[in-house]
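These features come from Swiss-Prot:
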- 1-17: signal peptide (SIGNAL)
- 19-82: domain 'LCN-type CS-alpha/beta' (DOMAIN)
- Cys30-Cys81: disulfide bond (DISULFID)
- Cys34-Cys57: disulfide bond (DISULFID)
- Cys43-Cys62: disulfide bond (DISULFID)
- Cys47-Cys64: disulfide bond (DISULFID)
- Ser83: serine amide (MOD_RES)
Amino acid sequence: MKIIFLVLMMILSEVYSDRDGYPVHDGTNCKYSCDIREKWEYCTPLCKRRNAKTGYCYAFACWCIGLPDEVKVYGDDGIFCKSG
């Protein structure tokens with residue numbers, strides 16, 4: 001019985017998992033920069049377009065809360081921004 005419960009919990013944790021992080025521009029691994037004086041105005045809509053729950057400006061970049069696993073975040077492909 002315990003094994004069935006553990007397997008069920010592992011399956012549910014995969015289905016309902018989400019994560020927080022800095023979303024990146026496609027193909028560049030560069031964060032979306034923002035103005036910290038406008039904490040929510042730019043980042044919340046940007047994050048919601050990526051199916052996150054919300055987002056805000058943190059350390060001059062958009063931080064999203066509740067991103068789906070398939071959305072790339074800063075650090076997934078290394079830590080360097082490859083612009084241009």
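Glycine is treated like the rest: Cβ placed from N, Cα and C.
Among the recorded positions Cys30, Cys64, Cys81, Ser83, the ones whose Cα sits within 10 Å of the Cα of Cys43 (disulfide bond) are Cys64. Per Cα geometry, Cys62 is the residue among the disulfide-bonded residues Cys57, Cys62, Cys64 nearest to Cys30 (disulfide bond).
With respect to Cys34 (disulfide bond), the closest of these recorded positions in Cα terms is Cys62, chosen from Cys47, Cys62, Cys64, Cys81, Ser83. Reduced to three states, the DSSP call for Cys30 (disulfide bond) is coil. Each residue contributes its Cα atom, and for the residue listed as 'serine amide' and Cys47 (disulfide bond) these two points are 21 Å apart. Secondary structure counts, DSSP: the domain 'LCN-type CS-alpha/beta' (19-82) has 10 helix, 22 strand, 32 coil. When the C-alpha distances from Cys81 (disulfide bond) to the disulfide-bonded residues Cys57, Cys62, Cys64 are tabulated, the minimum falls on Cys62. Here the domain 'LCN-type CS-alpha/beta' (19-82) returns a mean pLDDT of 94 for the predicted model. The two recorded residues Cys64 (disulfide bond) and Cys57 (disulfide bond) have their Cα atoms spaced 9 Å from each other. Sorted by the number of other CB atoms within 10 A, the disulfide-bonded residues Cys34, Cys81 start with Cys81, the lowest. For the residue listed as 'serine amide', the number of other Cβ atoms no farther than 10 Å from its own Cβ, over all displayed protein chains, is 8.
Separation of the C-alpha atoms of Cys47 (disulfide bond) and Cys62 (disulfide bond): 8 Å, rounded to the nearest whole number.
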